[in-house]
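Asks: As annotated in TrEMBL:
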REGION    1-60  region 'Disordered'
COMPBIAS  42-59  compositional bias 'Basic residues'
DOMAIN    83-171  domain 'S1 motif'
DOMAIN    187-258  domain 'S1 motif'
DOMAIN    281-346  domain 'S1 motif'
DOMAIN    365-436  domain 'S1 motif'
DOMAIN    453-522  domain 'S1 motif'
DOMAIN    542-611  domain 'S1 motif'
DOMAIN    636-707  domain 'S1 motif'
DOMAIN    729-798  domain 'S1 motif'
DOMAIN    1036-1109  domain 'S1 motif'
DOMAIN    1149-1222  domain 'S1 motif'
DOMAIN    1230-1298  domain 'S1 motif'
DOMAIN    1324-1396  domain 'S1 motif'
REGION    1397-1596  region 'Disordered'
COMPBIAS  1416-1435  compositional bias 'Basic and acidic residues'
COMPBIAS  1454-1476  compositional bias 'Basic and acidic residues'
COMPBIAS  1567-1596  compositional bias 'Basic and acidic residues'
Amino acid sequence: MATLEESFPRGGTRKIHKSEKAFQQSVEQDNLFDISTEEKSTKRKKSQKGPAKTKKLKIEKRESSKSVREKFEILSVESLCEGMRILGCVKEVNELELVISLPNGLRGFVQATEICDAYTKKLNEQVAQEEPLKDLLQLPELFSPGMLVRCVVSSVGITERGKRSVKLSLNPKNVNRVLSAEALKPGMLLTGTVSSLEDHGYLVDIGVEGTRAFLPLPKAQEYIRQKNKGAKLKVGQYLNCVIEEVKGNGGVVSLSVGHAEVSTAIATEEQNWTLNNLLPGLVVKAQVQKVTPHGLRLNFLTFFTGLVDFMHLDPKKAGTYFSNQAVRACILCVHPRTRVVRLSLRPIFLQPGRPLTRLSCQHLGAVLDDVPVQGFFNKAGAIFRLKDGILAYARLSHLSDSKNTFKPESFKPGNTHKCRIIDYSQMDELALLSLRTSIIEAQYLSYHDIKPGAVVKGTVLTIKPYGMLLKVGQHIRGLVPAMHLADILIKNPEKKYHAGDEVKCRVLLCDSEDKKLMMTLKKTLVESKLPAITCYADAKPGLQTHGFIIRVKDYGCIVKFYNDVQGLVPKHELSAEYIPDPERVFYTGQVVKVVVLNCEPSKERMLLSFKLLSDPELQKEPAGHSQKKGRVINVGQLVDVKVLEKTKDGLEVTILPYNIPAFLPTPHLSDHVANGPLLYHWLQAGDTLHRVLCLSRSEGHILLCRKPALVSTVEGGQDPKNFSEIHPGMLLIGFVKSIKDYGVFIQFPSGLSGLAPKAIMSDKFVTSTSDHFVEGQTVVAKVTNVDEEKQRMLLSLRLSDCALGDLAATSLLLLSQCLEELQGVRSLMRSRDSVLIQTLAEMTAGMVLDLVVQEVLEDGSVLFSGGPVPGLVLRASKYHRAGQEVESGQKKKAVILNVDMLTLEVHVSLHQDLVNRKAKKLKKDSEHQAIVQHLEESFAVASLVETGHLAAFSLTSHLNDTFRFDSEKLHIGQGVSLTLKTTEPGVTGLLLAVEGPAAKRTMRQTRKDSETVDEDEEVDPALAVGTVKKHTLSIGDMVTGTVKSIKPTHVVVTLEDGVIGCIHASHILDDVPEGISPTTKLKVGKTVTARVIGGRDMKTYKFLPISHPRFLRTIPELSVRPSELEDGHTALNSHSVSRMEKIKQYQAGQTVTCFLKKYNVVKKWLEVELAPDIRGRIPLLLMSLSFKVLKHPDKKFQIGQALRATVVGPDSSKAFLCLSLIGPHKLEKGEVAMGRVAKVTPNEGLTVSFPFGKIGRVSIFHVNDSYSETPLEDFIPQKVVRCYVLSTEDEVLTLSLRSSRTNPETKSKIEDPEINSIRDIKKGHLLRGYVRSVQPDGVLVGLGPSVVGLAQYPHVSQCSPSKKTLYNKYLPEGKLLTAKILSVNHQKNLVELSFLPSDTGKPDVLSASMELPLSKQEERKIEAKERDQKGEEKNQKRKEKKNQKGQAAAARLPSKEKTQGKRELQTPVSEQERVNKKAKKAGPSEEDDSGMEVYYREGEEAMEEMDMLPKEKPPKPAEAPRLQLPSGFAWNVGLDSLTPALPPRGESSDSEEDEKPHQATKKKSKKERDLEKQKAEKELSRVEEALMDPRRQPESADDFDRLVLSSPNSSILWLQYMAFHLQATEIEKARAVAERALKTISFREEQEKLNVWVALLNLENMYGSQESLNKVFERAVQYNEPLKVYLHLADIYTKSEKLQEAGELYNRMLKRFRQEKAVWIKYGAFLLRRSQAGASHRVLQRALECLPSKEHVDVITKFAQLEFQLGDAERAKAIFENTLSTYPKRTDVWSVYIDMTIKHGSQKEVRDIFERVIHLSLAPKRMKFFFKRYLDYEKQHGTEKDVQAVKAKALEYVEAKSSVLEE
């Protein structure tokens, strides 16, 4: 009251001083929320406005102050009334009820029937059906704690205990009842629930009568993806939605649930809200009308006022509010009668749709001492401040034990009290406290605190027939059932117990969810000291405890314990004597002491006994009993067992066939220590183990052993049965029984045991016995001493004493045994259901996998995905990364080293010599150098240096050989000498080997600096010293030190006490000018004052928070920035934040200052640092636009220099920023950028690559401003070029290298202007261009990238030879010519040219090329050649153009099926194929002669060429056309279309022979002899010239050898060479040429090599056996991308009609490449070609199951296309229709559908599809595309009327669009 009196004085007689006035307005808030210095200024503002307010206060009367007080009272249950709309937060979600937290610490309940009508209807259906409905979600799936909901109070009742209970409803019909359809306006934020799912969206129940609310699917997608984890919305789902559109006067509304729309929705005056229909949860803009100590009064929506109580002020702004301040507020509740509106200013409520994040208080139930009062409020309660600064609230009723003892004066600010946290109010973000003594002292606060088996005190409330009710805590009631009121059943409990009695009881069951507590008062149970069983896992065999009988049956008693755990005492375990009728002896409720015999927690079954083993009389019986049972089993006997269950230490088994229980410990499963746990892990109940040894039997307990060494010893009869058989010097095999400090005890199969003392345990010095051996380990022992009297023996375990013969043989035996066991584990794994485990079982060392990099971890290791099955963990350690730079998403080939069958991890390596193993025959017992690649406990995997094969060798050469000093241990990367024992990898994938002497080991080579520069932090040696010293510095401390050394990016400082600190270059100056090196500002020896801003951990290089225990051992990071020394400082605390997250704070395009650390010569980037913990890289191409700088970046940039760089983005592989020194890296039209030449394509241009994977193309016309004969001569791959971006329309950029574009300021002379379209050409222009091809009607010349001109033959040359072949010869593709434009036809896109000297002023193109007029003899030769080659030449001319691009074009072909195809070209091209089309023969008769494949463009060009083929007669079948090569083997690429310059040799030799007789008969004169000599010399020089002519066709093996020497990487030459041999049926020679090619062609030329492999496969398919083909295929798969090889072989099989083999191969591919859609599509096409439509449909289904969902649409579309082309057109249409109904906006699918329908359908069908497309709701750009296509179609196939109709529809669409935009 005191505080209120000050705020509102009675009568107003005393004058109030100015300062008092100001103080009164803010003092209450200050006390309450303890605001810091910031409020001083606001107080001043208020004091200026003070007088006006104080006048008001004087005038106000007591009544008004009273009403203010009343209004500002916080909500209580009494103030709630029916119909009140209120905002709440879901606190708990139960099965049929929600608990809702309401403002001011209140709470209410929502029944499941109050969610919405649709949900209630579904619930009723479920009840009627008596089984769960599939599409009905339970409340916990619909609601989650923290969700804000709008409720309406449906009733406020009183419970049985006299407490008020608030019942709420979420039903939109009740919440939004106050709204009418007419009142709905766009922008309104409402809540609703999903009532049904329709085709195009959801119907949402918003509870407004006469309104249908619809949520379209596109609007719901974002919400479904972000908030609903991708699942569709279900009936009853609660949504916050914004009205997007209102139609029909509110009859239909369209909704949106997008996060952006909902979170920014604000209620405005335009929406016409009234006090009647104002809803809680609306956010409004408001003005502060009045500030009072209890809260604020606000004015909002112009006409309304509302209250904000002190709990709902913004905690950050409390105490700073002033009149007329503009604020945003959320409506909390509206009272229907008084119309009082309460609001909240808490920021969490101002973003609708966001759930509350803080849901509970971590110290719930904690008792706190000395908690200070922050403020006291009459009729409300008190606010306290907890230690961590959090505010807590205690309601008035909780401030004292009763009203009488309440003293307001004890709650002045600053007073302290003892209290307890009893709850947390989510809506107020306050912990709720109680000061009541009864609550503070209560043992339990909630049901959660009570655990079964606990002893508790309670007070008797009442006694009922079913039991006694007890009060255990403030709100905790429990029941003691009638059976549990005493040890025996009592008839009149009311005589023993009275209300108010305090009793001690024990908890039987406590269910906190259902608030159910059951207890017992049975004295024996309450006071029992035996362990209580509260879960089945507690029940260990042999455990004794107390329980009570709940049922007595004929077969025994059921005994119950705590927490509903119960077990069975079988009849024979009830007593030592037989009990015929248990019901007479035992009764329900009887307390009994039992012993656990057996328990199966998984099945919740337990067997008990009343026969306690501690009773000596009872002990005899079970032993005898088991002896009877176990009589059939003897120690040393071998038995088969079946696994029953696993226990912690081993396997519970049953011996077959007698079903006798026994135990097999884990260490006894194997001789190898590591294999025991592995076998235990994979064995499961039901598995059978054979040949298991019975080790011992005592008291019915049979112990078994499965160690092969012990089993074979017993089988061979080598184990002594008693002491008399043991003599010193004997070697025995046993196992370690126990380990002591003085030695180890060894037990043998017969049960005898001995001691191996520490002294003779090992040849090595023994520090600790447990280091050398483990319990259960198999060992070989030598008897040294026997004492028969005492039955003791001493043993030696030294290797020198216990040698078993040749070490190498033992080592190999141990290795093969270990690997055999691992194979056994694999067979266990194969029997599991999991596909992942089955796949792991099939994976063996040495397999090569195609993987995708998933993540690079901080330790440098790499995680991969993309294995054969999802979820597979594949890892390459940092060593096995092989120094490669890897990035996420990158594809890599890796080889498996080992499969860890316990952790289910696959260890792989990226080392190239392992991935690409060499095929070399290995000899047994040969010695090889190897490198250790992987270490297991008992063996290692190494790779042979010569071949890369993986070999395993045992790490031990003896069972006792288990201890290694650190110096003896092997390390990964170390070199070893191995002797091979097998030459072929077995099922394990590994060769078996034995390690040579340790002296031959070599240490691991350290990688060169250049290879490791990228990853690790380089540690300054000066810093490494400082790690030893501890320091007591904390962040923010000022320190003084001396500069010790200066590095490029940091300065090392020695602080007091010798602590070493570090100052980074970024923390020296506030403003760093570009180009300077900040570290040079500090000099060595100079004293500096710095501030500590962080501590770097030397192990992890992370900056640790000061609270971290290792902070004392960090290197202090310092700052000498003037700004940080003066005031605020930064704290580098990035311990919990990953590098990636830190880098996210940098936006692309942001300019930053960085400091150069070094230039990485290998990776060609600058390494820079932005801050001590943020690093970056600047790739070479982003350093400069100057070639001079890029040539020598190390000269341009100085280490330590400050650079101003632009952020491009994070480096994908690691947490580095990628930076640029040339501004943002935007490859947009008009930009100039640096790139690298990726590929040079003759006669076409260049392919250029840019950073981040962008690719561009440069046309031959854009290489230079002046054309040359060899424009691409200066360009080689990897050359850096400056490019101008001409176009970015396609994925591949269009570029120009012309200096007029890249350097316009140089104004260089443009000799050949750019010609980008036909419009750039004018009649009469003189232009230069490159010859494209020679056509029947003239010569085609390229004038620009897309402009081609035609020079008709009369305009080509004055010579005009009659033979067109001469044009081919003297105007080759790519020849530079000058031409004059004769005419330009824009409509037909035709350009006519002339090359005549009279037009161009240049020499005649033909006479200039030919040099001499043609002799008749040469013309005759050419004519002869022409007859043979005419068609072939034409064909190859085209092919040459394409094939000169390398095989890249071939690789692209399948993806462009419309314009390009793939065929085999016969060589020579004969008519046979076309003439005999119908009479096709199976088998290789259709194949080309060489078995090679050539790809070429199909379509119009191909058709023209076919027409031009010569009309030769087909050869007769007997002529074996396969080997006919009339003109040698004429392939392409410069060797095909040229006639040889040499005359046929036959002719010349004939003429020589003719002349011989003349020489004999007639003597020649000197003149004649001279003439002859000159003639011979001329002939010789002509022959030499011809041999040097590059255009000459090779005619012999020698010619080919010369050619392949000059072009070793040209696969075309090698294929010609092979064909040359095949022509002569020299198959072996052709094979040898292929093998030579594979060895000769550079490994970088992957495509060239693949061509040879494909040719070799073709050759083997035609001329070889299936076996030879398989061998070539396996090799090809190893050396190439497997998928490509598989696809090529499948094509080969298909073309040679080997359909069965093709089918089998496709099935193999589907298993291996199931993630590759190309394989599925190819297989589908294969099946359809064979008319197997049904199988093709099944393949599609399988494909959709295996492929990721993003690929589904493409695959379905491809199959539909195949159906159109090869199968059933109707099915194809059905597939398209189905796809488009699911993805209506996939324009690519529509486009393909239209194409297919145009080709295969009727005009009506095509028009129907176009009509549907143009009525879709797509982007205008896409709509334009379809309208254009429609128009083109109608122009081609329709009438003028149809064309006009399309134009009208397009116009209509445009008008509709523009009208929408205007509105």
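Every residue gets a Cβ built from N, Cα and C, even glycine.
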Asks: Does the structure show the domain 'S1 motif' (83-171) and the domain 'S1 motif' (1324-1396) touching, where I'm treating 3 or more Cβ pairs under 8 angstroms (sequence separation 6 or more) as a contact?
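Replies: Contact criterion not met.
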Asks: Sort the residues of the domain 'S1 motif' (187-258) into helix, strand and coil with DSSP and give the three counts.
Replies: 10 helix, 34 strand, 28 coil
Asks: Is the count of Cβ pairs under 8 Å between the domain 'S1 motif' (1036-1109) and the domain 'S1 motif' (729-798), pairs 6 or more apart in sequence, 3 or more?
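Replies: Between the domain 'S1 motif' (1036-1109) and the domain 'S1 motif' (729-798), contact is absent.
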Asks: Given pairs 6 or more apart, does the domain 'S1 motif' (1149-1222) have at least three Cβ pairs under 8 Å with the domain 'S1 motif' (1230-1298)?
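Replies: Checked: the domain 'S1 motif' (1149-1222) vs the domain 'S1 motif' (1230-1298), in contact.
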Asks: With Cβ distances under 8 Å as the criterion, find the stretch in 281-346, 365-436, 636-707 that has the most pairs with the domain 'S1 motif' (729-798).
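Replies: The listed stretch sharing the most Cβ pairs with the domain 'S1 motif' (729-798) is 636-707.
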Asks: With Cβ distances under 8 Å as the criterion, find the stretch in 281-346, 636-707, 1324-1396 that has the most pairs with the domain 'S1 motif' (365-436).
Replies: 281-346
Asks: Report the DSSP secondary-structure composition of the domain 'S1 motif' (453-522) as helix, strand and coil residue counts.
Replies: 7 helix, 38 strand, 25 coil
Asks: In the domain 'S1 motif' (1230-1298), how many residues does DSSP put in helix, strand and coil?
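Replies: Counting residues per DSSP class in the domain 'S1 motif' (1230-1298), I get 6 helix, 32 strand, 31 coil.
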Asks: Quick one: average pLDDT across the domain 'S1 motif' (1149-1222), no decimals.
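Replies: Summarising the domain 'S1 motif' (1149-1222) by its mean pLDDT gives 83.
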